[in-house]
Amino acid sequence: MSDLTPQSETPTPTTDKITQAARETIYLCNFRVSVDGEWLCLRELNDISLTPDPEPAHEDPKDPIAIERLNLMNMAKLSIKGLIESALNLGRTLDSDYAPLQQFFVVMEHCLKHGLKTKKTFLGQNKSFWGALELVEKLTPEAGEITASVKDLPGLKTPLGRGRAWLRLALMQKKLSDYMKTIINRKDLLSEFYEPNALMMEEEGAVIAGLLVGLNVIDANLCMKGEDLDSQVGVIDFSMYLKDGGHSSKSSEGDGQITAILDQKNYVEELNRHLSASVNNLQAKVDALEKSNTKLTEELAVANNRIITLQEDVERVKEESSYHMESRKALRSDSAPDGQALGETRKQLKEETLLRLDVEKELEVQIGMKQEMELSMKMLEKDICEKQDALVELRQQLEDLRAINQQLSHKSQSADTSSKQKSETIARLEEKINQMSGTVKQMETSEKHLVKQARNLNSAAGKLLQLQQ
């Protein structure tokens, strides 16, 4: 297996690719998510007072694709670190309902989806990382058991569901890091599935693969039978990685606390705006799908009416054909048949037969169109259900973020109040210091006068002694 060196130059993505990526995943392109200890920080790119994280020298710091990769890498760091720490604190085997584990799979799914090439299908565009994961079986024979298990799982109908099941089985086998390193080292094969500037094709993918080694200390027992992996909505819950109030009480007081609270408040407000925009976009998509569904329903009703009409025409043609056949038999049995009438009857029978065949063909076409419409309606209904579930989850996250925003506002107000009180105390102490300084100066002046008087008295006493002598 030969390792390929990373490309020295990253091609600039087109506007269409950037727009499509922004629609599918929420990325804060004007801001950068960075990890500062246990913090999840949001930094503006134009803010020169902040020290940026080290980035490759060949990348433009304002390139939105590079920012997306950096954000995903930082989210992967947070999710892996939080999962390991919480699992070690629990000291037990993790199951499928464990929230940090679910968020880890969601973050990994977003990392694997970044920069995927779009495949056009009959129902639209489709993106799936299952094809890239299947490469592991060719490169590492040990992974063949996982791939076979995924294909044998009942209930998995989409490539996305198979990819999610593969990630869970690889984590239970404690080989996820090895498998990711194997496919990342073969960029010549990954180029079939990913764009050149995708996360899996850049250095961030190798960093994430290295971080996954720490997950080998975790024991996971995941039951995937009965779990609907096809229709799950993978949304990153950023509220899990926000700094809690307990930690802020242990940090330094004064301006540091106020700055930290304001940073968190600004970050939550930015997430709130992006989630609101995402909810609006999903609502517009749902409305468009509902309109399309209504239109298809009307077309289906028209097609059903047309099929009923054609069936009636077929029955009528059959009756006329049977009538003409009887007439033909009667003419043949007649001892003195009329030749001209028989020819006209045969001609009319041929015309009716051709008409019947045309009607039957049209009926078959209409039946096929009806089946296609029914299939399209089922797919649209499933898509609408998924969008509605995503809307519900995003609205719940929006409510949570609003509650966090209110808490941060209260904290900011209390910090401002304490800061004002401290400022007033400092002012009073400064006044006391000034007063004490004046008193000290007065005492120094009086001391000088006393010293001078003592000298005068000494000189006077010396003169008296001399006179007495």
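Backbone N, Cα and C atoms are what each Cβ position is placed from, and that goes for glycine too.
What TrEMBL says about a protein is an automatic prediction, not a curated fact.
Of the candidate ranges 240-266, 321-347, 429-455, TrEMBL annotates residues 321-347 with the feature region 'Disordered'. When the domain 'RUN' (95-227) is classified with DSSP, helix, strand and coil residues number 82 helix, 9 strand, 42 coil.
Per-residue pLDDT, averaged across the coiled coil (387-446), gives 89.
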